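Down below is the structure, laid out as structure tokens.
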Amino acid sequence: MDMAILPAGVWGTALAVPASAAGRRVRLWRRTPGWAESWDRGHPVLPGLKLPENVVACDSAQAAVSDADLVILSPAGAGLRPVCRLVRPHLRPDAVIVCATKSIEPETHLLVHQVVEEELPGHRGRIVALSGPNFAHEVAAGLPTGAVAACPDLSLADWVQQALMTDRFRVYTNPDLVGVELAGALKNVIALGAGISDGLGMGDNARAALITRGLVEMARLGRAMGANPLTFAGLAGMGDLVLSCTGDSSRNRRAGLAIGRGQSAEAFLAETGLTVEGITTARAGWQLAQRLGVRMPITEAIYQVLYEGLPPLTAMERLMARPRAHELEEVAGADLKPPFDP
């Protein structure tokens, strides 16, 4: 099987590790001119990585994808449409597109696979999402990792599972494409909130409550969009959420910590140069919730901190002062409306 991964950023390069270990022929592409000639079979952010001979670098997107059976798109959310447009003239008609990006498009509120469908209409129905609790540096180091390949056509999800699965990179399948993509995007927002809570010194109890109630509102929006609520209890939901809310390598958690300690989001981004998907997804998620009439108080609070100048401490105090509520909600099929009087 021939596989292409674009771009060869940190995440794309890391994915070449299980792909090559599974015996696939992998072509990497990066926009930097001349990078293929100087490539050292690794990535500067992944120290010690040396990819094997079945991974090659390409200077053009055409060279990377023209013979590929499977094409993994791994840009940041803002780069998804440009990468799709770049590869569109060169894709094989039968190529399977794997989306490894976790975002919601800010202007349109489209999920990743919906953006790809617009840009690559000839591949509609041949799009698979790859998601889960995956820090790139751990995948690159060959540490044990679980992931999810999601597609309504389970035969395609199975095919991607087979293409990437190794004894260190375990891939599960799920037909719920919407749920898996939405979970991967929304967990970035909740991870920002967890970082803010920790930055304020709110403690472990508060973080645990925020993670759990954040999962509830993620599933609540998912259900309104036709997703299976149980997806949010799996690797793409709870798994990725726990990792992003607690792992020190989480960009969203790091940004939240800085905001909780008094730094603005703009200053954090300027200082670090990082892409923090949760900052743009907070607005898109909140706007989606408004449009669909879904209650997402944690997402709303984070949106207000980022875009309306609400002090982080005030946001946390407001969340704790909300009316009494039942824990079992419509996500679990219960018909209990807060406030609940015992």
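Just so you know, glycine gets a Cβ as well, placed from its N, Cα and C.
The NADPH site in Swiss-Prot is built from Trp11, Arg31, Lys102, Ala136, Arg251 plus one of Glu53, Glu217, Glu277, namely Glu277.
Matching Lys50, Lys187 to the sn-glycerol 3-phosphate binding residues that Swiss-Prot gives (Lys102, Gly132, Asp240, Ser250, Arg251, Asn252) identifies Lys187. Around the Cβ of Gly132 (sn-glycerol 3-phosphate binding site), 26 further Cβ atoms fall within 10 Å across all displayed protein chains. In the shown protein chains, 24 other C-beta atoms lie within 10 A of the C-beta of Ser250 (sn-glycerol 3-phosphate binding site). The Cβ neighbour count for Ala136 (NADPH binding site), using a 10 Å radius and every protein chain shown, is 20. The recorded positions under consideration are Arg31, Lys102, Lys187, Arg251. Their Cβ neighbour counts within 10 Å are lowest for Arg31.
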